[in-house]
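Features as listed in Swiss-Prot:
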- GLU175, ASP220: Mg(2+) 1 binding site (BINDING)
- ASP220, ASP222: Mg(2+) 2 binding site (BINDING)
- 169-247: domain 'Toprim' (DOMAIN)
Amino acid sequence: MSFQMKYDIRLRFEVEGIVEKTDVIGAIFGQTENLFGDEFDLRELQDKGRLGRIIVEVKTKGGKSEGEIIIPSNLDRIETALIAAMVESVDKVGPYNSKFELIEIEDIRAEKLKKIIERAKGILSSWSKEKSLDIKEVINEISSAVKVGEITEYGPERLPAGPDVDKDPNLIIVEGRADVINLLRYGYKNVIAVEGATSRIPETLINLSKMKKTVIAFLDGDHGGDLILKELLSNNVKIDFVARAPIGREVEELTGKEIAKALSNMMPLTQYLKKVQEAEQAIAKNVIAKEEKPIQSETTQQVVQITLPQNILEEIKKLPGTLEGVLYDNNWNLIEKVQVRDIIPKLEAYEDNKVAYIIFDGVITQRLLDLASQKNIKMIIGARIGGINKRPQNVDILTFTDIISS
């Protein structure tokens with residue numbers, strides 16, 4: 001789901017040593033993590049579109065580094081101010097002492113808001129001439145209409161939910177708060193989120209599911225969705241049907257038509273699990289990785305012969321189910337191990353030609369491919385390939401299945 005940003009947080013910084021952009025970004029993420037819980041985790045906020053990409057400009061002079069940072073924010077004023085204060089608290093970049101100071105928080109909507117206000121005044125003025133207007137009555141009507149679709153909190157765990165989770169005989173289970181908001185937007189009010197649980201499913205949800213006539217698990221079309229379903233079942237949550245977003249897509253970003261299509265294509269749980277098991281068995285029959293074995297990556301124009309070192313083949317076999325990725329240089333030397341959700345911001349921060357190969361337990365998307373092409377990355381090996389409209393000529397892409405079945 002994409003949001004229009006409301007504010008630009010602008011800060012200046014000084015570091016008592018020579019550092020790069022990646023060092024500054026790493027310090028910001030590392031030193032603000034868990035300060036105020038997951039709700040204000042910068043990576044989570046970026047994943048949900050509530051914060052934009054952190055822009056860093058660095059200059060070095062006399063053995064020191066200084067520069068400016070811009071953090072686009074779609075949070076409210078109080079939350080945006082809190083993010084600014086969190087970043088100001090960063091006092092180390094790498095081994096060096098540092099100082100971060102807020103320059104300003106710019107309201108990038110200000111001019112647009114002024115025009116809207118002036119236009120609203122004109123509309124109200126002309127409307128008043130035509131008909132006597134009780135403005136309090138209008139406000140009350142609008143307020144009542146909005147409250148119908150407002151998100152609620154359910155149970156002692158305060159799970160994000162729609163207003164009808166108690167009274168509707170059917171229940172839709174999704175992963176997170178953003179998924180609930182999106183379904184509410186299109187009129188689905190019997191929805192509740194597990195809030196991304198991957199080790200402990202809330203007891204409230206387990207009990208609620210057993211009270212319902214029909215329970216649908218509606219999950220993202222990626223490996224994360226697979227893990228959530230596994231946890232739901234292992235915690236004895238009643239699931240009757242499984243619906244999935246298209247491969248590589250998230251429930252929170254689907255349109256009304258896409259949501260309706262996904263739900264209409266839902267499968268009974270037993271049928272869905274049988275389908276998954278058959279797919280896993282087909283892959284398991286071919287789990288053989290030979291040392292230095294050439295792997296073919298086919299495109300519509302050519303067949304590229306690729307040789308993978310034995311240690312890379314071993315690494316690929318370890319990755320499924322970890323939601324992790326590995327970045328390598330041109331000689332297959334390890335650069336960094338990262339979480340799948342951090343791959344794009346990490347690549348954005350690296351200089352061109354720094355990373356040559358990426359192996360990760362995730363979906364290869366158009367956005368990742370475009371960025372890889374821009375950064376001159378040679379090859380990406382992922383768990384699956386998502387909806388790709390255009391394949392860059394300079395990037396080879398493979399899946400784990402391509403490797404282990406060769």
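Glycine too: its Cβ is placed from the backbone N, Cα and C atoms.
Cβ packing within 10 Å was compared across the binding-site residues GLU175, ASP220, ASP222, and the lowest neighbour count falls to ASP222. Broken down with DSSP, the domain 'Toprim' (169-247) shows 29 helix, 18 strand, 32 coil. Counting in whole angstrom, ASP222 (Mg(2+) 2 binding site) lies 12 from GLU175 (Mg(2+) 1 binding site) by their C-alpha atoms.
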